[in-house]
């Protein structure tokens, strides 16, 4: 599965350094397209809205903080309904697929796509692809109706099933054609790996000249998808993590030299751990993949734990699943999606802490380890994410009906936009530990930065060439004191 598109996004320059990174459209590769009036013109729900249709020139800036002499910079096409659509409602066959791990809000997105297609555009034929990408060619489909989907947002998981891997571009597009999805909208819900697959599907559909729109909706509780403000499910994950952190705090506070440790999701990005720590205010130490740390010696984790126990009599530690992987033996295995299988750093650190303090008879400890990973991702979305899922789904439906394809709907600076797949799959979003948000966390927990004696300071790291400004990673992960 390739990650580099052969059909690059369209860049439309303007005055004062303005650049619109536009998404593909049917008119780019299909001639003599017929357009139709948008059914929303006669929809009673929108008859009271003065300017419901989005102006074709509306765009949203990627960066909102600028100086007076700064060029206007990169913009994205604003999401929303257009006055003309490129499908007749009765001819449309839509399908929805969910891929990868579970995430709060999946059913909400499915529900809103089905309801929006039916109530806004009069599209009644919507298929659910059962079991992820491989469901296109190896499983049955589910007929999704508004009645069937009416209450699914109250349940966790996905009613159409999900899986990792199974991506075979030729088989998937062949299946799309064989099912008669020739005037269609394909809605793909997933994370960065899933959207890479969506990009390849879009390319193959374009090569074959099919009038099939491919729209992505970004899903990952890790919040590691670039460009967008956040991915759906993230707010719910942070909120649910509070319950685990609170339990760890109660356990720690109720025991002599009590330590409560909570492992949260975050393979390569520590956003859940960071935001859950900031929200809780009960956490004394937060460990994330982007920030290196070590255990033994002066300035190490063991020394800090001992200091906090002497001061407070207890402490709470939050660790992201991808933190400290460089300290553990390498495990050269991958899951079905091609993700590297990680060692359980939470259990490893917990055991190392126990072993360390077992040697110190003057300070016996009680350590409680909590791993709420699957409990967090399997719950229904909260109110905030429910609203967000609704708007993401509606934006995707509006875009596909207007003839746009090869795009992801996403929130940029508080506005819903259409983002080319190229930008969404170019890298993973990571916590920048030289940013003010990480500084806010350090000031909240009062934890040290855990930089070793040989590791350059944050101020000098960029000068020494060891700090990657794009990823926010320091080049001293393996250094130990």
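From the backbone N, Cα and C atoms, a Cβ is placed for every residue, glycine too.
Taken from TrEMBL, the feature domain 'Phosphofructokinase' covers 95-398.
If you look up TrEMBL, you'll see 101, 164, 165, 191, 192, 193, 194 marked as ATP binding site.
Sequence-distant neighbours of residue 192 (ATP binding site) (same chain, six or more apart, CB under 8 Å from its CB) are 220, 224, 225, 424, 425, 428, listed in sequence order. The annotation Mg(2+) binding site is assigned in TrEMBL to 192.
Residues annotated as site 'Important for substrate specificity' in TrEMBL: 193. All chains included, 21 other C-beta atoms sit within 10 angstroms of the C-beta of residue 193 (ATP binding site).
A C-beta separation below 8 Å, combined with a sequence spacing of at least six in one chain, links residue 222 (substrate binding site) to 191, 231, 234, 265, 266, 267, 268, 269, 271, 272. According to TrEMBL, the substrate binding site annotation covers 220, 221, 222, 265, 266, 267, 321, 374, 375, 376, 377.
For 222, the entry in TrEMBL reads active site, proton acceptor.
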(request) Return the residues near residue 375 (substrate binding site), defined as same-chain residues 6+ apart in sequence whose C-beta is under 8 angstroms from its C-beta, sorted by sequence, else 'none'. (result) 240, 244
(request) With an 8 Å cut-off on Cβ-Cβ distance and a minimum sequence separation of at least 6, pull the same-chain contacts of residue 101 (ATP binding site), or say none. (result) 162, 164, 191, 377
(message) Limited to the domain 'Phosphofructokinase' (95-398), I'd like the whole-number average of pLDDT.
(response) 92
(request) Calculate the distance in Å between the alpha carbons (Cα) of residue 165 (ATP binding site) and residue 321 (substrate binding site), and round it to a whole number. (result) 21
